[in-house]
There are 2 protein chains.
Amino acid sequence: MKIAIAQLNPTIGDLANNAQQILNAAKIASENNVRLLLTPELSLCGYPPRDLLLNPSFIESMANVLQQLAQNLPPNIAVLVGTVEPNSKAHVAGGKPLFNSIAWLENGQLQQIFHKRLLPTYDVFDEYRYFEPGLQANAFTLDNLHIGVTICEDLWNDEEFWGKRSYAINPIVDLAQLDVNFIVNLSASPYRVGKHKLRESMLRHSASRFNKPIVYANQVGGNDDLIFDGCSFALNRTGEVVSRAFAFETDLVLIEFDEEKRDLIPANSSSLRGEGKISPLPETEDEEIWGALVLGVRDYARKCGFSKVVIGLSGGIDSALVAAIASSALGSENVFGILMPSPYSSDHSIKDALELAENLGIATEILPIGDLMTGYDKTLEKVFADTSFGLAEENIQSRIRGNLLMAIANKFGYLLLSTGNKSEMAVGYCTLYGDMNGGLAVIADVPKTRVYSLCNWLNAEGLGTGEQKNANLSSIRQEIIPTNIISKPPSAELKPGQVDQDSLPDYDILDDILQRLIHEHQSSAQIIAAGHDATVVNRVMQLVARAEFKRRQAPPGIKITDRAFGTGWRMPIASRWAVNN
Amino acid sequence: MKIAIAQLNPTIGDLANNAQQILNAAKIASENNVRLLLTPELSLCGYPPRDLLLNPSFIESMANVLQQLAQNLPPNIAVLVGTVEPNSKAHVAGGKPLFNSIAWLENGQLQQIFHKRLLPTYDVFDEYRYFEPGLQANAFTLDNLHIGVTICEDLWNDEEFWGKRSYAINPIVDLAQLDVNFIVNLSASPYRVGKHKLRESMLRHSASRFNKPIVYANQVGGNDDLIFDGCSFALNRTGEVVSRAFAFETDLVLIEFDEEKRDLIPANSSSLRGEGKISPLPETEDEEIWGALVLGVRDYARKCGFSKVVIGLSGGIDSALVAAIASSALGSENVFGILMPSPYSSDHSIKDALELAENLGIATEILPIGDLMTGYDKTLEKVFADTSFGLAEENIQSRIRGNLLMAIANKFGYLLLSTGNKSEMAVGYCTLYGDMNGGLAVIADVPKTRVYSLCNWLNAEGLGTGEQKNANLSSIRQEIIPTNIISKPPSAELKPGQVDQDSLPDYDILDDILQRLIHEHQSSAQIIAAGHDATVVNRVMQLVARAEFKRRQAPPGIKITDRAFGTGWRMPIASRWAVNN
């Protein structure tokens, strides 16, 4: 039996176009004699649909579009489509009104529906908000083959692999008892660094533990803060990868269930892109993160209806990296860099920013803000009498720049990209309504030390070659980020001679403290015991707690770590914990 | 048996001070021969603690503070304290690492722990993110009385009252079978209009259905976007209210379980404030909402460490209402109004704003923004060449004002209050990084028609009398909001002659459409069938969808309805649903 994974990139809520994507994949698959086509979790509405699921008319539309899709599919192909199914017993038995389901479509109609059994409610996941868990093992028979169906989290409870249980049941145990021939998993698994490796090693463990081949179909694409990296794959019963789809791109991958061997093998026809082959995973974390960020910018812009972006270019490393990402994502002709020097700006900041723009091939404008600074000083003269220059005046500069950037974005219909990194967002070293302005915070989950690493990788890599890299940068010369941008001490340049390390510990120290605090949930005692200075640790913890009000008002930031300041970060603002402790 | 409800106002995470509040209440109760003291759900850490619960050191601290509290309590009083308890079997059996629990403290130690059984995961609630549900009925025996213990949601599944089940089990059924003498419910139930009436009628139904007296102890206070209204109460077995605590204030209320009657009765000693009495509920929805908003501003400022606030006064009704609320919450001497007229501002806008400030007794400054507008025009002259005045220029004005307000807030350590109403926030008739700026969006959940109603109520009521009203306004003359502010057509005054209804339908029409769309989840077809113009309905739906990016970056707004644009509103931004449909 020939099986295909459609690694699709749906737009949330765009039911008609998402159905069309599924239909297109089914047609190509059918032409290649595919018998079973897999699509990602909730492929009809895109994942995560969030509170759109609370609209009864949205649920009705999904049912209608699903029925229409079933009728339009080519003959002789079974298609598994991710959708939701009303829980008809909810009001009587108690329970949530929907199931997160997979519909088996064939012969013009819905043949069977399967419900997700394990519902994640951690980090960015809120599935219990909408869904009732399914209670039964999901399997069906197609041409004498018995196929187990699981949805994303259903396969994330292998207590042998994790060393603990997260849920009382493990659906794969039930499927093994049903003696299925192979198991499919339809997923929408958000990206973080190394996630594809984790998925493969987890499912390799499950495949060999239960002696069952597994086909894993993942969503691809950026949806607000979440990136779905694709990297779908198929494992044989010993846990070997027999096929793998691209990272960060749509794909259609064929595999075959060999009925003699009773196992999955690569498909042997060759008319499809990527068919039968094992796409390589990104080689380094930097390459991987770069791919995620480029996809995140491209999809956010496209799905929100923007083709062009504007970025404030300070001459610093953060805005340089964001400009490079945007150029790769959208083409340098669609990126506009605005330089807004103040009297406190260094000469090199203009020179560096212009050199970067030239390297990237992006257009720039220079809008000095000195006169506007004077204008605010005059307007506030009486109110600010007898006070001295401080944070308020620094913030005014940042907010002048934010206003100019938004004016250009509003005037020409551009998307403003903000350029703050995670280290800044963590300690509040950023200006709300100033440099935090933007529709998307491209590197808000990228620590400063990783910003450096990405820029060095970019300069070494040079881009322009390889399937993973975008053709838009092919004409760019080797060193994209000017050396001086990487080597000079980072500075907000909001007062004369200012550098970041006047206010903050060195970034390697800061990022290590933040990693322990945010990702590893360590206490101050534990962080100090790891060798950090107590005063520094306590100050950083206070800064992180006090910056919560800024983060609450930040744009969505592309998530690349296991704990981003986004939908998976839910902290009170008016709180005393970290301030006291 | 004498029982007391401590209607407390904890600060999230401030364990030592929250424990002190409990201890203080226990001492007073003990002096009044109270045998059993009730405190709200999670009274030790405050509700909702959100992701603070992910820190192991936070959980450890709670255990330590709880133990210390047990040792400090006076003798001969049993105290029920809201806390969390680790789920020791989580890793083996699968499940969340914590329970949402009630600790029975007495004789210097923890006597017994009870776990919440029904975990809400709708609207603002994320309890399954942190907690495992308890599986057993909770009851204990004190002085021969058998007492059933429930935690908030545990009593929200009376299928007779709701006409449907939300959960498979109903804990009160189990308690009735155990034949408890009375049931306590420890809650942190967020406010929305009419919520206290709903709670009482729901529990009156349960009390009489099961023939069990119920004591309902609720949290009070503002925690970010959520207001807890208090209004704790006790019902006898026929469902009659025998005692009720204040709305929007801390309180300590005594009741008595009469062992002859086997029922709850008002306590007959009289040394405590509010003792034995039934506090009246607010008489009108306006009075109730006013109380919620005043408490929300007072607590957000206090718990974040601010004593003074700054507000942009436009001469319009929204900023007038916010200034009145802030004056009541913090005292007019702590409220600063900034007038920022532009060349497009009408004469009456200054006059009206100054008259309002005089009525409220708040200080003002006038900072004209014309020169800064010219400054931006000049700075952008080349970039904006050959374009005409439009939204970009309107937004610049709003962002100049936002920058000035933040400069003053930053310089003097004031909290900036933003003044946008819910109707504006819904359709995006507001400027991100401009008039949306602020630490708290006071009326972001108040529709424009309700803004008028509140102002009229305020003018009629006159304040200065009654326990619900704040003494700070006692010297204010009758008509607080100048008549002209209420009667003139609303306008953003961002271009000559502009009024809101150039861009939006009349507010009574808009608010009705929004009510149907946002609160009742109606489809466009349903809203049109209700009598609204199809073009208007579809335009409003598109505006609402397109403004999602603004709402995502809005400050926390005080929730007063069943569906606010806050932690309980989880919408995708890059989405096509409402735009297509």
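Glycine is no exception: its Cβ is also placed from the backbone N, Cα and C atoms.
Just so you know, TrEMBL annotations never went through curation; they're auto-generated.
Over in TrEMBL, the protein carries these features:
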type	residues	note
ACT_SITE	A:GLU41	active site, proton acceptor
ACT_SITE	A:LYS116	active site, for glutaminase activity
ACT_SITE	A:CYS152	active site, nucleophile
BINDING	A:GLY312, A:LEU313, A:SER314, A:GLY315, A:GLY316, A:ILE317, A:ASP318, A:SER319, A:THR419	ATP binding site
BINDING	A:ASN395, A:GLU424, A:LYS550	deamido-NAD(+) binding site
DOMAIN	A:1-259	domain 'CN hydrolase'
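Recorded features from TrEMBL, shown on the structure.
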residue: A:GLU41; record: active site, proton acceptor; CB count, 10 Å: 26
residue: A:LYS116; record: active site, for glutaminase activity; CB count, 10 Å: 28
residue: A:CYS152; record: active site, nucleophile; CB count, 10 Å: 27
residue: A:GLY312; record: ATP binding site; CB count, 10 Å: 28
residue: A:GLY316; record: ATP binding site; CB count, 10 Å: 22
residue: A:ASP318; record: ATP binding site; CB count, 10 Å: 24
residue: A:ASN395; record: deamido-NAD(+) binding site; CB count, 10 Å: 23
residue: A:THR419; record: ATP binding site; CB count, 10 Å: 30
residue: A:GLU424; record: deamido-NAD(+) binding site; CB count, 10 Å: 27
residue: A:LYS550; record: deamido-NAD(+) binding site; CB count, 10 Å: 21
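When the alpha carbons of A:GLU41 (active site, proton acceptor) and A:GLY316 (ATP binding site) are compared, the span between them is 40 angstrom. Taking the mean position of the Cβ atoms of A:ASN395, A:GLU424, A:LYS550 as the deamido-NAD(+) site, the remaining same-chain residues with a Cβ inside 8 Å of that point are A:SER398, A:GLY420, A:GLY428, A:TYR429, A:CYS430, A:THR431, A:LEU432, A:GLY434, A:ASP435, A:MET436, A:ALA547. In the predicted model, the domain 'CN hydrolase' (A:1-259) has a mean pLDDT of 97.
For A:GLU424 (deamido-NAD(+) binding site), the spatially nearest entry among the recorded positions A:LYS116, A:CYS152, A:SER314, A:GLY316, A:ASP318 is A:ASP318, judged by CA separation. Overall, the recorded ATP-binding residues A:GLY312, A:LEU313, A:SER314, A:GLY315, A:GLY316, A:ILE317, A:ASP318, A:SER319, A:THR419 cover a maximum inter-Cα distance of 12 Å.
Every protein chain shown contributes to the tally, and the Cβ of A:SER314 (ATP binding site) ends up with 26 other Cβ atoms within 10 Å. Reduced to three states, the DSSP call for A:LYS550 (deamido-NAD(+) binding site) is helix.
Listed recorded positions (A:GLU41, A:CYS152, A:ASN395, A:THR419, A:GLU424) with a CB under 8 Å from any chain B CB: A:ASN395. A:SER314 (ATP binding site) sits 15 Å from A:ASN395 (deamido-NAD(+) binding site), taking the C-alpha atoms as the reference points.
In the three-state DSSP assignment, the secondary structure recorded for the residue listed as 'active site, nucleophile' is helix.
Counting only the Cα atoms, the space from A:THR419 (ATP binding site) to A:ASN395 (deamido-NAD(+) binding site) is about 16 angstrom. The DSSP secondary structure for A:ASP318 (ATP binding site) is helix.
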